[in-house]
């Protein structure tokens, strides 16, 4: 029996593997858990992982060799700012780059922005007037394009100056985002919403058209303000003159009291105040005050109260006139208006008096206390317009004052100056005038019609080419001769013969005759924009690209210098030089890519000259600018182009302004460089505290000269310290100017955020290629030399 048991145990042990096979799934799961708890396997896995990590480290080490590439990129970075593509916005970026380098455009936008900022400050002062508020909110919306352009110019110049002073901070690209301007364009024209491709010429016309409308609106408001000046009379008399005026009032009131009682019944005066307009209300009201002054000597207290109540009711009609003058000043005006009203009492007020009153405005001249003032009186103006016998302007003079009439025409030259140039920004730079002449072939009479233009659309191939293609069965693309830009302009200004059914009706001959029609240039702008008609309607094979407008890749020989004397109405010696080109690469108008090539010819237009930097540094150190809420929206009210470099190396207050602008609003820098630029201004703010405090100590010590020798020594030390800082800053400016002069006369290729330098030979080859490439010039910009 005991021998049987081992045999059974052996059998069981041998039979156990069969059970394992039957329960293999569960047993393998338990076995996997045991293996997971085994440390020997984990050690082997760690050894394998360490070997794998070592192999990875060996592979990562060669990747560190990419640093020389970054160094090369940093060395290849140019001190010119590109524009980030915000979704098929290459059409906008190319136009903005051309406008930025257009001579006179930045200064004109800056001047318009200063006018708008002053108007905004004036609107803040008049915010309590609810009637005018609704009208001027719409005008403020039209000003947004100027503000957006100015903020973009500021951001570009600020980024350019920061790169020139600290080039090691930028390794990838030098670009900013025109997001605010794009949003403004989308508000002005909903066509630009979304991310579709648009025509560069259309967006140029949209920008210039809105700028022109804004200039016209500003000009109308300026003329309106000049016309409203006569209604706002300001008087600042000397105290002695006030006493003389009061004495004259008492004498005149005693002298003319009986005349007032006879010629001015109470009922008529009250009715005039209810029915008449303008200054007649004021005259009747003042005449009542004269009566009250005379009767107060004999009236009781109750009567005085009653008359005072009647006198307090008219100010509700004209609160502004009363609030602007103090108590002695209206009294000084009472005698003057009273005598004038008596002088012209027989005349009825007419519409002519309202127009005559517009010819006078208030002037405040003289030295210190002396004042010269004009008062507008409709009756006196009417008498002046009818008889021309009055020589002292409006009204009689009081003993202490001299009245001098000032005409509106005499004030216009004062307001013209820079503002008139700013209001005509588009007209002066881009707008010219064409003359359409029609000559009758029978009587040789001429008729002319003038039209304004902002660009010239010229063909790039002959119109008969399509007919040749239809009739030709040999080649679908027949070879044509190379055309030139002068040929294209001659086609634009060609002489057209009107014959057949399109005959011209001559007013001299009184019947339809044959005629010749020509188009000539009468007035030429500073910048001529030539639009090459590279897109034409074609077959259905291009409908899939949208619009059915295919690209004409016919090359056109474009000269660097151009003269339009041949097509001008009068002889001229003006010549134009090519300074910018917008290129288009693609096959249709709704697809492809736009780039801009600009020639750097005038570095002074970049506002980076040495004098402006030093002056702005002294101003910035002495007077730091406050931080306003509007600056968070990207518009700096007191900011100008000359403060670009000082923002980088100036005091701490403007650096805060820039930090807030970079973080919150317009996103001056695109992509990763906003953080780097933010850190740049924070690091640059510490050394500026020393200069600002030193300059403050210098000014404080100068005001107190009797404070002792210690303060004088401190003054010398602080002045020496500021002198060292300024001299070091001048060295930086000279280095910046010298570095920019290297690019004088070179062509820059702006491909959105990328900026490259192209040789003149390569540029001419791309401008006038020998073959028919897909990249062809689309807009040519010539400036007057």
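For all residues, glycine too, the Cβ spot is worked out from N, Cα and C.
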Candidate annotated as phosphoserine in Swiss-Prot, where the set is 42, 257, 371, 472: 42
Annotated phosphoserine residue, as Swiss-Prot has it, among 313, 398: 313
Candidate set 16, 327, residue annotated phosphoserine in Swiss-Prot: 16
Of the residue ranges 631-661, 662-692, 693-723, the one that Swiss-Prot records as region 'Disordered': 693-723
Stated Swiss-Prot location of region 'Disordered', expressed as one of 33-52, 53-72: 33-52
Sequence-distant neighbours of residue 90 (active site, nucleophile) in its chain (C-beta under 8 A, six or more apart): 197, 593, 594, 595, 752
Three-class DSSP secondary structure - residue 593 (active site, proton acceptor): strand
Residue 768 (phosphoserine): tally of other CB atoms within 10 A of its CB: 17
